[in-house]
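Below is one structure, written out as structure tokens, with a few remarks after it.
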């Protein structure tokens, strides 16, 4: 390979390349981005797989995530402990699942997890209200929010339990024309 | 949807070998779907986390949790690693296991796999570079970021029209300019020099120097290429017909693609709130103004939805008396609209009559008189839509219906005013020719189209630099003055700008027969328009806070384009017919069909020269005896498509029901499971019998992204 780098062993880079949608160069660039979030915390040398986690508060300052109303939920979904502290593996995993070449099925699964605020594997009315409030920055009145959520559940709920299971969600998203183009983060 | 689809197909393949549902396939089916659902996986969070931990040590036990049946394991070994839904360590473990498999598989298989991986990477790279090479891609990206998808759609449409016009130029170059350049022109054609009477004004009036130049019909007299079936007139005609036919195919294809897209989503798409909530936010937004804009789009869209809900509630509560009064009011207002249209048309008629006035005036006055019809048409097209908008506010429709009625009325106004103008030109040219013999009728017609085209461009230019830019300067320097308050900042009104584009393209199509270089002029003006509009949008406009409903209106615009094309074809056909009918009275002595030849003469000569089987085939194709079987065949084809569509719809409904049944019943006892699966398989067996239906229903719809 071209330039000598000591961040990862070749074997590690190969593994990353196969397990994610990124090339070697992109993985190294991602490591650079990860490191600049917390330079005192993240070592330059990852050959021995150090167990370092960057906290949520630092990750959501990234320009790719800063303006996203769901940034907290995205980071929490991909974190192992559920509180948003990402190791480098989780970091790469997150951007890989959200990148342009990631397939629709994968994105649907993660979108469902992101919108499921209380993590009960259903998007209930409360989850939807929180989604809506994040989306409109709280500018709709509570009655309007209730109306919109009721109509939304009515449209998407197929099994009649007044909350969205994964298959309801998947069915709804499969008909949406701009899900794939909207639901990706470019890094 | 892929997981479920794979499962149904798996079940079907089992079905083909067994006639009844065996317990084997039951367990298999159940574990397939339910183990892969994240809801089930999430209910075992400790186990999957544990599995991830184990993978670091490379233990086998972890795998059993996520893949504990034969089916997914078979699938997992062929699915790309990246698509697996597990954390990175999990994937690493799978990768290591596959690597061990690779040494069992053998050299050839692993080499093929690595080759396919490399090929995919190369393709992806090429695709990326190619899409970056498209012209103006960077500008479009910037505009989308600042103003949203609607404004970007306008510029994408403009770019599409530029491509179309460049294609026309290439065809004209091949069919018309090429033969004339190589084989010369007729013996008594005038040389192309700057004569005595010519002036710069000729470029605006289309007379004098321009009249004798390749811009107009009269230049292309038949030259030395004089074979029976390959001569300049026939090539000219073929070129024009190819342009119109190709445009028809391209526009129809774009219209149907857009229509299918809208139809597939169902009529309720614009009302479908769940899309707005879950697919509404664009995750690629990075700068704060774009994010604020997106927030306001979404908020306004939801407010629009709520408004329409309350409107439909109000509408349902109307009493009979109110309804009668409303319908009466609408009838009166429509009469008013028709009267206004009639007034506009008579204005155009007077302008056309005045412009044919050939008396000698001061050069500026003469220029204005020549341009009087385009000025009138533009004035009418500018004023009337605003009056229509005022009128529609009294008609008490919901917002979408209001916008659509306004669009339909404006479209009708634009196309009808052009049509009326063409009709008046025909009649006045006829009259004038009977009075004093102009030597080239087609050139006169081409001249009018040329003037329309030039004036459209001038209007766009003046609008940007004499109207919008001063307005912006005024708003910036003296924001509190009275004039600034009267003349508020302009939003970029997408529908009306698209209407302008369609109108100018229609003018191009109508005029291409009489003015072969019109596509070139059109392409150049469109490219200049791109930069002018880019300047207007980026410097002078504020972002439209209300989102413009993209997809259904794009179908409307392409349909409009098609109407314009049909009008151009009708005009051409009428003119050719006219030529045939009046060929005895006034022989046009200019252009490729001069000297007493008409289009039908030339084509007749060519057909006669063909070998007799070809001749008789052509005669049969043109006769009535062929039309009947053709119509019958079309009816049969149409019926089969419609019935297939209906069967697909039914299959989709059945699959939806099955989905409900799967999700609704929490599986508690094994007898319950068996019963459910039996139900499903009988339905599936019924579905399987029309094989095309099944494959069409199960195939995933790929949504199209315009």
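Note that Cβ sites are derived from N, Cα and C of the backbone, with glycine treated the same way.
For B:40-50, the entry in TrEMBL reads compositional bias 'Polar residues'.
According to TrEMBL, the feature domain 'TMC' maps to B:440-551.
TrEMBL lists B:40-77 with the feature region 'Disordered'.
Residues or ranges marked as transmembrane segment by TrEMBL: B:160-182 (among others). Long-range contacts of the transmembrane segment (B:160-182) within the same chain: residues 214, 219-220, 223, 225, 232, 235-236, 238-240, 242-243, 246-247, 250, 254, 501, 505, 508, 512, 516-517, 519-520, 522-523, 526-527, 530, each at least 6 residues beyond the stretch ends and with a Cβ under 8 Å from a Cβ of the stretch.
A Cβ distance under 8 Å defines the sequence-distant neighbours of the transmembrane segment (B:234-252), meaning residues of its chain 6+ beyond its ends; these are 164, 167-168, 171-172, 174-176, 179, 220, 225, 509, 512-513, 516, 519, 558, 561-562, 565, 568-569, 572, 592, 599, 602-603, 606. The transmembrane segment annotation in TrEMBL covers B:234-252 (among others).
Annotation comment: TrEMBL describes B:327-351 (among others) as transmembrane segment. Beyond its flanks by at least six residues, the transmembrane segment (B:327-351) meets 372-373, 375-377, 380, 384, 387-388, 391, 394-395, 409, 412-413, 416-417, 420-421, 424 of its own chain at Cβ-Cβ distances under 8 Å.
Annotation comment: TrEMBL describes B:363-385 (among others) as transmembrane segment.
Residues or ranges marked as transmembrane segment in TrEMBL: B:406-429 (among others). Sequence-distant neighbours of the transmembrane segment (B:406-429) (same chain, 6+ residues past either end, Cβ-Cβ under 8 Å): 337, 341, 344-345, 348-349, 352-353, 356, 373, 377, 380-381, 384-385, 388-389, 392, 438, 441, 444-445, 448, 495-496, 499, 502-503, 506-507, 510, 553, 556, 560, 563-564, 567, 571, 575, 578.
If you look at the transmembrane segment (B:520-542), the same-chain residues 6 or more away from its ends with a CB under 8 A from one of its CBs are 136, 139, 142-143, 146-147, 151, 154-155, 158-159, 161-162, 165-166, 168-169, 172, 450, 453-454, 456-457, 460-461, 463-465, 468-469, 471-472, 489-492, 497, 501, 504-505, 508. The feature transmembrane segment is assigned by TrEMBL to B:520-542 (among others).
According to TrEMBL, the transmembrane segment annotation covers B:554-577 (among others).
If you look up TrEMBL, you'll see B:620-642 (among others) marked as transmembrane segment.
Secondary structure of the domain 'TMC' (B:440-551) per DSSP, as helix, strand and coil residue counts: 85 helix, 2 strand, 25 coil.
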